[in-house]
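This is the structure I want to talk about, given as structure tokens.
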Amino acid sequence: MTIALGRFTKDEKDLFDIMDDWLRRDRFVFVGWSGLLLFPCAYFALGGWFTGTTFVTSWYTHGLASSYLEGCNFLTAAVSTPANSLAHSLLLLWGPEAQGDFTRWCQLGGLWTFVALHGAFGLIGFMLRQFELARSVQLRPYNAIAFSGPIAVFVSVFLIYPLGQSGWFFAPSFGVAAIFRFILFFQGFHNWTLNPFHMMGVAGVLGAALLCAIHGATVENTLFEDGDGANTFRAFNPTQAEETYSMVTANRFWSQIFGVAFSNKRWLHFFMLFVPVTGLWMSALGVVGLALNLRAYDFVSQEIRAAEDPEFETFYTKNILLNEGIRAWMAAQDQPHENLIFPEEVLPRGNAL
């Protein structure tokens, strides 16, 4: 019996090959397989947001005006979350709530779930796009891995947190002032600024900004002069073999400033990747904890002493009183459907009163 060994070749391309050729063709804007997820989802998410902020009221869900049509501006317009009574309904246009009525769907807050879900999948599609392009040009996938940080924050804040609460109502609405309101809510109801995961997130984001500024300034300061113009930006070839700036000079400078400095570019740039991405991951993890109503730091001994001694206060006890004030004022305004009424005697007061 004869066994023939050889590479199997198809006589003609099947549908997958044809699609693969078209999707991954070299063009001005790369499409790719990831584009099948990215472009439709990004289009619908942005389109839903522009539609909602332009035309759709939040009167039926929050008792608020939230569109340009009602007199809002860019900072106050928003696509608002559904009412608390709708819990975690996906609010599909053809679902039992709207029953195919587009106007009713908008009134119920259907655009929020539409924007949130398409936005989440659009971000995932963008990360897959970075994976796909990195593989095509034989790069490492660290860009895509880094982008998982913003995705983790978006998913934890807009999806996981409200899933842990009573409904989508408690997620942020998609608007500038709406996000500010949500931040105040997080502080008042969760004491978010004293949460160690928030602290790690702040350290990561601000630390990354510091590293970025230091790195950019250092590279600019140590550029090799390679042109007769005052501006050296165009004096270098993207395919050049030699260095554009002097790592040795930069190392010597920062060694004199701090006593320590990065000795190679790999560790330096990995650190610049590690700091912000880890900060974003940690803050996302903290929001998942808040979804389960986990507490931040509680310094109970200080609270007890402040309650017993009118002359004893710390910045912590003052912040706790501020949080009580946020809850007392915000709950009644933010959740009108609960008909919350707080008597004067339960409203927070400073220890000196």
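Every residue, even glycine, has its Cβ placed from backbone N, Cα and C.
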For the feature transmembrane segment as recorded in Swiss-Prot, pick the matching range from 74-90, 91-107, 125-141.
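It is 125-141 that Swiss-Prot describes as transmembrane segment.
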For each of His198, His215, His269, count the other CB atoms within 10 A of its CB; which of these binding-site residues has the top count?
His198
Have a look around Gln130 (pheophytin a binding site) and count the other CB atoms within 10 A of its CB, chains all included.
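18, counting other Cβ atoms within 10 Å of Gln130 (pheophytin a binding site).
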What same-chain residues, at least 6 away in sequence, bring their CB to under 8 Å of the CB of Asn143 (pheophytin a binding site)?
Gln130, Ala134
Can you tell me which of 125-141, 153-166, 208-228 gets the most C-beta pairs within less than 8 Å of the transmembrane segment (279-295)?
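Most Cβ pairs under 8 Å with the transmembrane segment (279-295) come from 153-166.
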For Phe262 (plastoquinone binding site) and His269 (Fe cation binding site), determine the Cα separation and express it in whole Å.
10
